[in-house]
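**Q** This is the structure I want to talk about, given as structure tokens.
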């Protein structure tokens, strides 16, 4: 049955659980079961089992981001495999690699298994974003993406809650938790491969790389978002373990609070974007992150305490939850045929800095950790200034506030 191909209109005759929107909801829940568990345990695992310092964690995340930088390879893969199938195969790889993580408790072993899980994660994310923008109606996108974000947060919440409740009470170890979470994600991916037909979007996607000059602001926003987020992903949680000595259940409880807040607020953020537009959302996100990263630096410069750090970590997550405004901005300005290849290109752009920043900043972290967050605040300020160029009503021909003044340059199709 899964080999059938249906248009989005034809898919509306299926039971709700077999429709494209439910598939997006299901894989949105499946991904964080593995990835959020991996993230929650990672810093304790690498410090306890492999003796990582800031240098090793920096190199680990540099290796992890290489597949993200190579996400443009999705364009080649979709020549021989459908996007929907590719997304599910990548999701299975993420789950399988996560499941075996604890069996490689050495520096080289952790690097290799992380590379495999990262390949699954990044290729899944690149294709999943493309499918979302192809399958979701433009007018409904902010609201639906808000629900998808909320569902992912809820799945993370369940995963984190189980770790907090059972880690000490059941005497769990890393291998058990990684096997359970990764195995669950892999099984869901296999189920989706079997249970769902293939869905065709309303517009046939280009099968080659697309770079257009009129998307320049979107590209720059992606570049800065990737650089800034790397500092948060790599060093914020690492700080909680290294500086404040959080145990597994404590750091997981903090993650649980984050995703509970995201689950509750994401639908409202979607409505906010729908009502007030992408520009105001991006300005609020980047302005807030500027002050949050400055405050992170203050944890080292002024030796602020544990509760300040925990509060900043929660606030940080809330601002990052607004980032899907970049997706809806691009959806409004893009040619429909560009969405698939541009999602892959944007993912690569997003990871340009990610390939070298973690390793380089790992060395800076050893001597001046506060400076790492100071650099991130500068990136957030740059993103804030770029967001000022996003128009109130973006569309083709009105991609930036400069479009009307200088004309629209469509640029070459590569």
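Note that Cβ sites are derived from N, Cα and C of the backbone, with glycine treated the same way.
Just lifted these from TrEMBL, have a look:
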TRANSMEM  21-41  transmembrane segment
TRANSMEM  61-80  transmembrane segment
TRANSMEM  85-103  transmembrane segment
TRANSMEM  109-124  transmembrane segment
TRANSMEM  144-165  transmembrane segment
TRANSMEM  177-196  transmembrane segment
TRANSMEM  216-239  transmembrane segment
TRANSMEM  251-270  transmembrane segment
TRANSMEM  282-301  transmembrane segment
TRANSMEM  307-325  transmembrane segment
TRANSMEM  345-366  transmembrane segment
TRANSMEM  372-391  transmembrane segment
**Q** So which of 61-80, 144-165, 177-196 is most in touch with the transmembrane segment (216-239), counting Cβ pairs under 8 Å?
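**A** The listed stretch sharing the most Cβ pairs with the transmembrane segment (216-239) is 61-80.
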**Q** Do any residues of this chain, six or more beyond the ends of the transmembrane segment (144-165), have a C-beta under 8 angstroms from a C-beta of it, and if so which?
**A** 21, 24-25, 28-33, 36-37, 40-41, 132, 136, 172, 177, 181, 248-249, 252-253, 255-256, 259-260, 262-264, 266-271, 273, 321, 324, 327-328
**Q** Give me the stretch from 177-196, 251-270, 307-325 with the greatest number of Cβ pairs under 8 Å to the transmembrane segment (85-103).
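**A** Comparing 177-196, 251-270, 307-325: 177-196 has the most Cβ pairs near the transmembrane segment (85-103).
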**Q** Determine which residues of the chain contact the transmembrane segment (372-391) at the Cβ level, with the cut-off under 8 Å and only residues 6 or more beyond its ends counted.
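**A** For the transmembrane segment (372-391), the sequence-distant neighbours (Cβ-Cβ under 8 Å, at least 6 residues beyond its ends) are 217, 220-221, 224-225, 227-228, 231-232, 235, 278-279, 282-283, 286-287, 289-294, 296-297, 299-300, 329, 361, 364-365, 398-403.
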